[in-house]
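*Asks:* The structure is given below, and queries will be raised subsequently.
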Amino acid sequence: MSNSSSLTEFLLLAFVDTRELQLLHFSLFLGIYLAALLGNGLIITAIVCDHRLHTPMYFFLLSLSLLDLGTISTTVPKSMANSLWDTRAISYSGCAAQVFFFFFLFSAEYSLLTVMAYDRFVAICRPLHYGTLMGTRACVKMAAAAWASGFLNALLHTANTFSVPLCQGNTVDQFFCEVPQILKLSCSDSYLREVGLLVVSVCLAFGCFVFIVLSYVQIFTAVLRIPSEQGRHKAFSTCLPHLAVVCLFISTAFFAYLKPPSISSPALDLVVSVLYAVVPPAMNPLIYSMRNKELKDALKKLVQWVHCQHQ
């Protein structure tokens, strides 16, 4: 049996075995990855370049796009490279780095989505206090707190996970390195400390979830009291994209980690992991730009400017 001190690499789960399907997997992931890079890159550029978007809501959206770019870049390129070169290997240090960055970016994104729910709550339920509660300094502090909480969470979990002795081989039943799959390789009961930490993290995540739900209950109650249809439409247009992103993020992640063991299988785990690790970063820019007129106008101006520069 392998020991963690002598492990030099892990073997990731391959999507397919035949060469043709490996190249198809590479092509699909490349398309998704390029779509995520383009979509998030356009949103970041539009927000930075258009002074009308220099508001708290778009500041948090810019931060979300940066986190999405980081999340998808942590997992997808390595999986694409493995399919292209017909290998499953990832180095021990590469696996640890993947665990750290995925946990960091994923946790920070969830914290940021909670902050964004608070921003929408203040904008709609406490509009007269918005300038005070969501000033520049307050927004920077909240975004920094989201990133810092993700960093500390990732540091704690990565250090704990890779200090656990591993003696069940080196095959990870996932297309990227993640904590639950590595814990399956651990010896006896030595993984219980990390499981305890994961339980604490899940409880904190549930607390954020409750906060988001309560915020939106109050937001929709306030919106439905707005007398003008135009006012209600404008309020919904700023809230619904965020709510859709939250639902996509939470539903896929919760199903991945909390689904009953009886329905678990390598194939299902693989599909679910793609849904929560790959799809949201690619879909978020589309969700945010569909109903947001200000963002759509800024993106049109940006595309027109780029087009003029190439003529």
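Cβ atoms here come from the backbone N, Cα and C positions, even for glycine.
Sharing the features that TrEMBL gives for it:
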TRANSMEM  23-49  transmembrane segment
DOMAIN    39-288  domain 'G-protein coupled receptors family 1 profile'
TRANSMEM  56-76  transmembrane segment
TRANSMEM  96-118  transmembrane segment
TRANSMEM  138-156  transmembrane segment
TRANSMEM  195-223  transmembrane segment
TRANSMEM  235-258  transmembrane segment
TRANSMEM  270-290  transmembrane segment
*Asks:* Under an 8 Å Cβ to Cβ limit, what residues of the same chain, 6 or more beyond the ends of the transmembrane segment (23-49), are close to it?
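*Replies:* Those are 15-16, 58-59, 61-62, 65-66, 68-69, 72-73, 76-77, 79-80, 83-84, 278-279, 281-282, 284-286, 288-289, 295, 298-299, 301-303, in sequence order.
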*Asks:* Pairs of Cβ atoms less than 8 Å apart decide it: which stretch in 96-118, 138-156, 195-223, 235-258, 270-290 has the most with the transmembrane segment (56-76)?
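*Replies:* When the Cβ pairs under 8 Å are tallied, 96-118 comes out ahead.
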*Asks:* For the transmembrane segment (195-223), name the stretch out of 96-118, 235-258, 270-290 with the most CB-CB pairs under 8 Å.
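*Replies:* Out of the listed stretches, 96-118 contacts the transmembrane segment (195-223) most.
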*Asks:* Over the domain 'G-protein coupled receptors family 1 profile' (39-288), work out the mean pLDDT and round it to an integer.
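*Replies:* That region's mean pLDDT is 88.
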